[in-house]
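Feature list (source: Swiss-Prot):
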type	residues	note
BINDING	78-91, 285-297	NAD(+) binding site
BINDING	R99, R109, R138, D227	substrate binding site
SITE	Y145	site 'Important for catalysis'
SITE	K195	site 'Important for catalysis'
BINDING	D227, D251, D255	Mg(2+) binding site
Amino acid sequence: MSKNYHIAVLPGDGIGPEVMAQALKVMDAVRSRFDMRITTSRYDVGGIAIDNHGHPLPKATVEGCEQADAILFGSVGGPKWENLPPESQPERGALLPLRKHFKLFSNLRPAKLYQGLEAFCPLRADIAANGFDILCVRELTGGIYFGQPKGREGSGQYEKAFDTEVYHRFEIERIARIAFESARKRRRKVTSIDKANVLQSSILWREIVNDVAKTYPDVELAHMYIDNATMQLIKDPSQFDVLLCSNLFGDILSDECAMITGSMGMLPSASLNEQGFGLYEPAGGSAPDIAGKNIANPIAQILSLALLLRYSLDANDAATAIEQAINRALEEGVRTGDLARGAAAVSTDEMGDIIARYVAEGV
């Protein structure tokens, strides 16, 4: 008998509810085709939670997430809540506390150039023609963003500001394991990004990554300095499989990876803890300007579901089925408005219907 899974669904604001509805259609198709027992509960988060409960992350939402196997998150924020105090705004008051509460230390951001979308890639046509499929694995809770001491002191010409890059062995070991385990599900290559020619923290990073690599003899490991990595991503992104990055370097490279795909509407994201519990969300924002118009691209939300299936439910076949269905839709020229470039475009609902049907059919 198959295991029972429960997913906390947090649609949020803007286009969140529209694109989430499409992901849930696809989840229905996965249930049927793979005989998976998946239940869901829906909770308010972000601006809608402020309106309904007076707080961007209500206690009931947190408790519901605690009872779930994973969180499928939409998007939060919008002009309506921009004038609230920063800590009460949807983004800072909901997403960051969720990451902290569940100790989500790793961020996974896939960046893939899909066949038929090469024209959207800002790289040279001959580079785009080679395609790329990269997974950026970023450490989320350590490094210079959180290291102490940090601050400002002094005055006049002696005024100074300082931040501290700190990494502990356990922090590097656990993010490295995420990268190597991810590579085993892909093309078995990890490129670890550092600045070991200058920084002590990067020297330790490289030493520990080398140690972890010994337990993954089936995965190829390469090291690359951050400055070279930013150039190589432009020169030949097809050389990369999994990028393993510290918090700061991952912040930079994950956005560069996203930009060279040419479409934020295609990019999912996963944040995981040590137990495999994760929060899965589109990399883009709530897009309030197009909310309610049935024109948003739901693929990033649907791909977030695929990541959830792969990393939190260990349902790799189901995740692959979703990715194959999306590939088929795009290869057949099915496009939402952001990808149509003047050609006929389908609605948000229609794109969800097509992908769900292809998942059910087993393309």
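Glycine is treated like the rest: Cβ placed from N, Cα and C.
Structure with Swiss-Prot features highlighted.
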residue	record	Cβ neighbours (10 Å)
E82	NAD(+) binding site	10
P90	NAD(+) binding site	27
R99	substrate binding site	17
R109	substrate binding site	24
R138	substrate binding site	28
Y145	site 'Important for catalysis'	14
D227	substrate binding site	11
D251	Mg(2+) binding site	17
A291	NAD(+) binding site	18
I295	NAD(+) binding site	19
### Query
How many whole Å apart are the CA atoms of R138 (substrate binding site) and P90 (NAD(+) binding site)?
23
#### Entry: Integer Å distance between the CA atoms belonging to D227 (substrate binding site) and P90 (NAD(+) binding site)
34
### Cβ neighbour count (within 10 Å, all chains shown) around K195 (site 'Important for catalysis')
18
### Task
By CA-CA distance, flag whichever of G78, E82, D251, D255, I295 among the binding-site residues is nearest to R99 (substrate binding site).
D251
### Task
Could you tell me which three-state DSSP class R109 (substrate binding site) falls into?
strand
### Alpha-carbon spacing, K195 (site 'Important for catalysis') to D251 (Mg(2+) binding site), which is rounded to whole Å
15
### Task
Between the Cα atoms of A287 (NAD(+) binding site) and D255 (Mg(2+) binding site), find the distance and write it as a whole number of Å.
18
### Task
Calculate the distance in Å between the alpha carbons (Cα) of G78 (NAD(+) binding site) and D255 (Mg(2+) binding site), and round it to a whole number.
22
### Task
Sort out the sequence-distant neighbours of P86 (NAD(+) binding site) for me: same chain, 6+ apart, CB within less than 8 Å of its CB, listed by position.
R92
### Query
What is the interatomic distance between the Cα atoms of D255 (Mg(2+) binding site) and A291 (NAD(+) binding site), given in whole Å?
24
